[in-house]
Amino acid sequence: MVVEVVEKDFYFQSDWHRTVEEKQKDTEIFMGYVDGERELNVTIPINKWNKGYSDEKVQLQELNSRLLNVRINSLNLDFLVAAPASESEQVGPQPFIDVSPSGNLGISASDYSTINTWDTSNFSTLRSLEGHALDVEVARFFPSGLVVLSGGMDMTVRIWDVRDGGNARTMIGHKRRVTGLEFIDKGAEVLSIGADGSLNKWNCAVGKSVGQIVYEDSELTSLSWHEKDKVLLIASNKGRIRLVSAEFEELVSFDQDQGVSSAASDGTFIYAGLFNGSILTIDSRSKEVLSIYRTNRGRVHKIQIYGEGLLISFANGSVILYKREPQTLKPVCLFTGADLQPVYDFAVNEHLLYTAGKDHFMYSKLIIHRSGPSCCVQSVRCKAMRYKPKIAPVKQQKSPSMLALDHFDFYYGPLFGKRWPSIRLGLLTQHKYVAVLNRLSLDQERNQEILKDLGTVDMMETLTRGRERFERMKEKVSNFDGIVEEEAKEGVESAENVENEETGEIDRVHGGLEEFTPSGGDYQFGQMKDSITEKVPDVHITGLEFLQSQLRTEEGLIEYPRDLRIYSYARDVFDNFPAPLKDKNGISSWWLLDGGSVIPVLALDLKDDDNVLDMCASPGGKSLMIIQTEKFATLTCNDGKLSRFGQLRRGLSMYVPVSSPLNERIILKRKDAGSLEGWDEEDIYDKVLVDAPCTTDRLSATSDEGNLFGAGFTQERLNLPQLQTRLLINALRSVRIGGSVVYSTCTLSPAQNESVVENAATLASEHYGIEVVEQSLKKMQNQLMNTTLYRFSENPQRGLLVVPNVRSNFGPMFICKLIRKK
């Protein structure tokens with residue numbers, strides 16, 4: 001009988017140790033679990049923190065400045081929380097990390113195709129190992145600690161001498177990227193697996209293959225060698241797990257429905273981490289699944305046996321040491337610091353834990369935990385296994401990204417016709433970014449010169465050129481509006497249609513975020529309506545109404561913020577932006593956004609006295625743009641999800657100094673904007689931005705991680721139109737008469753774009769008496785096309801739709817602006 005256990009989710013603020021050390025007014029430590037809609041949120045005043053805290057919900061005991069003992073009463077759960085001892089921000093992704101047996105040297109990715117060797121005491125780079133033609137996927141130290149083994153997207157396996165950086169051997173044999181490496185007999189022979197399903201054994205002395213087997217049914221994702229029993233454990237993205245001898249004889253095989261991302265064995269039991277975040281325990285003797293431990297932490301990136309425990313990293317940034325109990329797992333220690341972004345790899349050296357992952361904006365991070373997983377160090381005796389060969393049938397499956405492309409081909413193909421192949425190519429090509437200059441940095445002028453020296457285009461200067469001409473003409477002929485309109489039209493409506501051409505991929509960097517210090521005031525908009533709150537009518541929304549609203553469209557002019565600075569490389573230029581710099585206060589110089597993401601903020605047409613709401617603000621990119629304009633009286637940044645709210649806070653803190661007077665005008669809220677019954681912010685704001693959750697077509701087509709077309713997300717994907725409609729209705733309720741709402745998504749789907757606008761306008765009228773009109777954005781579209789950086793669809797019945805274009809690959813991005821009249 002298979003025992004199934006569902007983990008009660010618990011989270012912890014990634015930088016809790018900083019808030020305690022800095023003695024901020026309020027220390028917020030988030031802990032919670034998902035069980036229905038319940039969440040636990042603990043806010044601890046600093047004057048009540050005395051090496052710990054206790055109330056009816058939780059007990060916290062500070063063991064040292066980086067280690068807490070935590071008890072959550074509602075879960076009857078005790079565990080440790082360990083904070084990072086040190087962190088290092090790195091350029092580029094960090095798919096791997098390893099530490100030499102001596103503990104003095106570390107390796108990680110640098111500039112995609114390069115391996116960095118660094119001093120573990122201070123992260124200082126010692127030498128770069130250059131030679132791979134494409135991204136390095138995996139690298140490990142040989143047992144000697146002086147030689148490195150690596151594999152990458154160039155399909156080669158390479159051996160490096162860390163003393164001089166020389167490439168001693170290059171071994172060729174895989175037909176797709178290398179995904180895993182292992183050592184046999186202290187490195188005399190090495191093993192490698194690839195995305196082509198191949199398993200290779202290499203003789204390091206001569207650099208030649210001495211054995212190969214190809215499993216053509218799947219992509220191999222995990223490889224581990226059990227030295228005592230001389231058994232190889234292999235897993236695939238189709239869910240098959242194999243035990244193979246050193247001579248490549250298949251001893252045992254298991255099949256299950258979900259893809260396996262990482263697996264480990266102690267000689268008796270196999271522990272398999274799945275794409276959906278579950279962990280299987282399999283008895284290798286009886287060939288039976290004993291237990292399934294389900295989590296909501298996303299894909300398991302790595303699983304490793306550590307004494308009597310399992311050390312596991314997840315896609316949501318969790319790194320957890322579990323104790324292996326009969327038929328279940330028990331959390332022992334949560335290692336924080338990854339800011340709810342994937343931890344791709346980790347390495348353990350004595351009592352230190354090293355992790356490599358991705359932060360949300362522009363940096364990747366390497367983190368050292370000195371309170372490592374030494375709390376569970378006990379040896380496990382492994383027994384030799386003897387099994388008869390078994391070949392299990394394989395059920396052919398498609399990955400979520402393949403399912404997404406099939407869906408797009410079926411629905412978008414007829415919609416876009418002959419333009420669909422070009423748009424499809426753009427979706428599958430790395431998209432283009434723009435850099436938004438941070439005007440709040442002390443080094444603003446220097447940073448601006450750096451961006452200009454890169455040969456970038458100042459998008460705002462191009463966009464405002466036509467508007468300035470309009471204003472000059474208006475001053476000269478103020479009594480002749482017709483002449484003014486005609487002259488202005490000449491300056492803004494000459495647009496250049498952009499044709500498609502193939503282009504190379506664009507490399508990208510992401511970054512880490514710190515903590516945001518909100519306004520010290522107690523002002524909340526919700527207080528303004530307390531005295532006139534009305535009963536919310538019972539509104540049933542499916543998101544599939546497809547109501548045909550008689551929504552009128554009227555013309556309108558948009559004034560662009562003059563002080564906003566957005567820089568982009570010209571069309572057909574595919575250079576990278578450098579990593580952002582920081583001033584002496586730690587404030588970053590610029591951040592990167594998809595070029596389509598700037599349009600919703602420009603469409604708001606912000607004024608100095610506007611009260612603005614960013615309804616779905618996390619991770620904060622659009623809120624930061626609004627802040628840069630300084631054209632607002634107050635800005636309320638809202639996000640209902642706990643994890644995303646933490647991202648929002650840290651995102652703002654990276655660019656808004658604590659001393660800035662703008663902090664007094666920024667309000668952070670955590671309300672569920674998708675609930676019609678719970679939303680009480682009515683007739684408050686002048687401008688509302690709804691950047692709604694959607695299928696995120698570009699990511700769905702290129703990444704399987706967290707993909708809404710995966711089996712576990714089907715209902716969430718189908719419910720998107722319902723959620724989007726509720727969000728837009730609440731936005732219309734929140735805005736004052738005469739105010740405007742901008743609705744945006746990053747999908748091409750009419751069901752999530754025009755249909756949501758039509759449904760929300762009709763339902764808001766029927767149930768709330770709200771009447772709206774659409775403001776045409778056609779002139780704005782023409783101005784954006786005049787920059788030669790954007791391509792728009794001709795199909796949408798409402799708003800604008802930026803479509804991918806490989807020559808300047810922004811989007812997709814849908815934008816529609818509504819004005820409330822009643």
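Every residue gets a Cβ built from N, Cα and C, even glycine.
No curator has checked TrEMBL annotations; they are predicted automatically.
Predicted, not measured: the structure shown is a model, and the values here were computed from it.
Positions annotated as active site, nucleophile by TrEMBL: C746. Feature annotation from TrEMBL assigns S-adenosyl-L-methionine binding site to D639, D672, D691. If you look up TrEMBL, you'll see 522-821 marked as domain 'SAM-dependent MTase RsmB/NOP-type'. Residues annotated as repeat 'WD' in TrEMBL: 129-170, 171-203.
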With Cβ-Cβ distances below 8 Å as the criterion, list the same-chain residues six or more beyond the ends of the repeat 'WD' (171-203) that contact it, or say none. 137-140, 142-144, 147, 149-159, 209-225, 232, 234, 236, 244, 246, 248
Under 8 Å by Cβ from D672 (S-adenosyl-L-methionine binding site), same chain, sequence gap 6 or more: G640, G678, W679
For S-adenosyl-L-methionine, with binders D639, D672, D691, what's the maximum Cα separation in whole Å? 14
Compute the mean position of the Cβ atoms of D639, D672, D691, which form the recorded S-adenosyl-L-methionine site, and then list in sequence order the other residues of that chain whose Cβ is within 8 Å of it. M615, C616, A617, S618, N638, G640, K641, R644, A673, G674, P693, L727
Restricting to the same chain and to sequence separations of six or more, state which residues have a Cβ under 8 Å from that of D639 (S-adenosyl-L-methionine binding site). C616, A617, S618, F645, L648, R670
Row D691 (S-adenosyl-L-methionine binding site), column other C-beta within 10 angstroms, all chains, value 24
To the nearest Å, how far is the Cα of the residue listed as 'active site, nucleophile' from the Cα of D691 (S-adenosyl-L-methionine binding site)? 9
Model confidence over the repeat 'WD' (171-203) (mean pLDDT, whole number): 91
DSSP three-state call for D691 (S-adenosyl-L-methionine binding site): helix, strand or coil? strand
How many neighbouring Cβ atoms, not counting its own, are there within 10 Å of the Cβ of C746 (active site, nucleophile)? 22
Taking DSSP states H, G and I as helix and E and B as strand, how many residues of the repeat 'WD' (129-170) are helix, strand and coil? 0 helix, 25 strand, 17 coil
With DSSP helix as H/G/I and strand as E/B, how many residues of the repeat 'WD' (171-203) fall in helix, strand and coil? 3 helix, 21 strand, 9 coil
